[in-house]
């Protein structure tokens, strides 16, 4: 099902959406933070999706617990380190870990630039102990408004040498992409690649805006592109990658069932599309789970799954030589 001759990658993976349950428990107790459960065993349902529960509100509540315990920069560094470990232990050859320093900082008023430094330090420490390639993507969380995103951007750009790209995430309907055109001009001027969450809560126009105005060469989720034939044609022609996260889309009620997921529609239209975990800690999944789902629920053949694996490597924010090195390591 997973072709071991092709690098296995996860390009849409939120570092702040992947905090271990035991880490939430330990950090909560270490810092005197009231948790919603009185044992490690009973904590899991408050921080992870259980069964077929699907609601954006419930999903976001669980996500909030993951950053609620980031009481100091050591906690941030620990979570970053464990993200590298989890990527390696799940069998990934390469992962792009994205994070919103404002979101991670806000509960305990941590310095935004300090959060970025702690993430970088934690990842570096993880890479010494685990054999996996990692790159970082900075997120601007649009839900907190333009001024907060400016603070976030400045903290991230201060460490741009440790980033490969910038992302825009959060409330797509309440804070449309055009509010952040100036922010992304600074991103482009800094020489970073751009991806954006778009076409998830809003329609295809949000994706057009992200591509044409923000400068996105990849789109996170993008499920609503299928209602715009001209956009689908554009995506295929210009090799704009779709970072698809089927289980997360189900958990957030972006789609009502796997059967309704548009993954197959993208593939049939020749759009470059990859499989990703999104918030693996909240969804309690790993990348292999997404490939199993793609086979059993999305009805992809083994040949199609291999193509999806290759797509991920092609879409990655890597140089050609780095891509070749990933393939060479699989021989």
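Easy rule for this one: first residue shown is 1, then count along the chain.
Here the Cβ of each residue, glycine as well, is placed from N, Cα and C on the backbone.
Because the structure is a prediction, the values reported are computed rather than measured.
Sequence-distant neighbours of residue 200 (active site, proton donor) (same chain, 6+ apart, CB under 8 A from its CB) are 172, 220, 221, 222, 223, 224, 249, 254. What Swiss-Prot lists as active site, proton donor is 200, and the listing cites sequence analysis.
Marked as Zn(2+) binding site by Swiss-Prot: 12, 14, 197, 278. Counting only residues at least six positions away in the same chain, the Cβ atoms of 96, 98, 195, 220, 243, 244, 245, 274, 276, 277, 278 sit under 8 Å from the Cβ of residue 12 (Zn(2+) binding site).
Packing around residue 279 (substrate binding site) is summarised by its Cβ count: 28 other Cβ atoms lie within 10 angstroms of its Cβ, all protein chains included. The substrate binding site annotation in Swiss-Prot covers 14, 16, 170, 279.
For 221, the entry in Swiss-Prot reads site 'Important for catalytic activity', with the evidence type sequence analysis.
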Measure from the CA atom of residue 14 (Zn(2+) binding site) to the CA atom of residue 279 (substrate binding site) and give the result in Å, rounded to a whole number.
5
Hey, does DSSP put residue 16 (substrate binding site) in a helix, a strand, or just coil?
helix
What is the set of residues, excluding 12, 14, 197, 278, whose C-beta falls within 8 angstroms of the centroid of the C-beta atoms at the Zn(2+) site?
13, 17, 98, 167, 169, 220, 221, 243, 245, 248, 276, 279
To the nearest whole angstrom, what is the C-alpha distance linking residue 197 (Zn(2+) binding site) and residue 170 (substrate binding site)?
8
Measure the Cβ-based neighbour count of residue 14 (Zn(2+) binding site), defined as the other Cβ atoms within 10 Å of its Cβ.
28
Distance from residue 170 (substrate binding site) back to residue 14 (Zn(2+) binding site), taken between C-alpha atoms, in Å
12
Which residues in the same chain, at least 6 apart in sequence, have a Cβ under 8 Å from the Cβ of residue 170 (substrate binding site)?
141, 142, 143, 144, 197
